[in-house]
Amino acid sequence: MSSSPSSSPSPTRKRALLIASLITLWYSSNIGVILLNKYLLSNYGFRFPIFLTMCHMTACALLSYASIVFLKLVPLQVIKSRPQFFKIATLSVVFCASVVGGNVSLRYLPVSFNQAVGATTPFFTAVFAYLMTFKREAWITYAALIPVVTGVIVASGGEPSFHLFGFIMCISATAARAFKSVLQGVLLSSEGEKLNSMNLLLYMSPIAVVVLLPSTLVMEPGVLDVIRLLSKEHKFMWLLLTLNSATAYVANLSNFLVTKHTSALTLQVLGNAKGAVAVVISILLFRNPVTVMGIGGYTITVLGVVAYGEAKRRFK
């Protein structure tokens with residue numbers, strides 16, 4: 001007896017279910033790693049952002065290798081020349097700077113304000129693209145960036161927990177993230193040198209560990225002693241660190257998979273919404289004070305980012 005057509009899901013439904021699952025994984029892992037970072041660095045007494053970043057990069061190196069070499073989620077792309085290796089190493093250093101800066105800022109700033117500053121990435125991307133590649137956009141595209149910056153200025157004025165050093169680190173991390181994306185397009189522009197994001201992570205992560213290890217030893221010399229003390233007070237210390245590091249890799253993997261199965265525009269829209277969801281969850285969890293001015297500033301920034309994406313798409 002043959003099964004009825006309704007008993008098995010159609011390819012369209014299967015694809016929709018897959019995309020929904022990937023988006024859920026992407027949201028939960030991205031927001032989860034931000035909240036775990038904040039919890040460890042601010043609420044848990046673990047004040048070692050460089051070591052935490054090194055843990056993330058170690059997990060990314062090991063899990064990327066397992067995903068590509070053993071699970072074969074994507075084909076392995078090999079480094080073909082020494083110049084290509086040095087280009088990847090340069091990207092890795094910039095990537096390190098952005099992640100460390102973001103983690104340091106979470107020690108001093110609430111997640112809600114951190115996300116508001118992070119939303120200005122398109123502004124820095126446009127600036128670096130113009131300075132490094134002389135790529136010009138339509139004037140209306142640049143005009144859309146005005147509310148992006150204005151919103152952060154408004155949010156800064158209305159942020160009860162504003163911390164100047166934390167703000168400088170957060171804005172530096174945002175600029176470094178934008179610089180890395182533009183630099184990647186410049187350095188790995190030839191077809192023979194292009195790597196997908198998973199292979200790039202596979203090669204960048206070990207280099208990042210090599211860079212971060214001496215930095216940790218010099219700038220955070222007592223980290224292992226503090227971890228031992230904290231693990232006696234909190235029996236889940238190592239579990240939290242491991243979970244946090246693995247989540248950082250899942251965030252990168254799910255970002256790649258969502259990009260692969262949707263479009264750049266969909267990813268941008270989802271990214272804007274993700275920031276807003278992270279803000280709401282963090283306020284509920286950490287109970288950090290917020291003001292109408294702060295919420296208004298963040299809203300202006302997000303609307304500016306949406307307008308920028310739409311203007312860029314229309315006037316490409």
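Placement of Cβ uses the backbone N, Cα and C atoms for every residue, glycine included.
These come from TrEMBL:
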{"type": "TRANSMEM", "residues": "16-36", "note": "transmembrane segment"}
{"type": "DOMAIN", "residues": "19-308", "note": "domain 'Sugar phosphate transporter'"}
{"type": "TRANSMEM", "residues": "48-73", "note": "transmembrane segment"}
{"type": "TRANSMEM", "residues": "112-132", "note": "transmembrane segment"}
{"type": "TRANSMEM", "residues": "139-156", "note": "transmembrane segment"}
{"type": "TRANSMEM", "residues": "162-179", "note": "transmembrane segment"}
{"type": "TRANSMEM", "residues": "200-218", "note": "transmembrane segment"}
{"type": "TRANSMEM", "residues": "238-258", "note": "transmembrane segment"}
{"type": "TRANSMEM", "residues": "265-286", "note": "transmembrane segment"}
{"type": "TRANSMEM", "residues": "292-311", "note": "transmembrane segment"}
With pairs fewer than 6 apart in sequence excluded, do the transmembrane segment (200-218) and the transmembrane segment (16-36) have three or more C-beta pairs that lie under 8 Å?
no
Any chance the transmembrane segment (238-258) and the transmembrane segment (112-132) are in contact, meaning at least three CB pairs closer than 8 A with a sequence separation of 6+?
no
Which residues of the same chain, at least 6 past either end of the transmembrane segment (200-218), have a Cβ under 8 Å from a Cβ in it?
48, 50-51, 53-54, 57-58, 60-61, 64-65, 68, 79, 85, 88-89, 91-93, 95-96, 100, 184, 188, 252
For the domain 'Sugar phosphate transporter' (19-308), what is the mean per-residue pLDDT, to the nearest integer?
92
Could you check whether the transmembrane segment (292-311) packs against the transmembrane segment (112-132) - three or more CB pairs closer than 8 Å, residues at least 6 apart in sequence?
yes
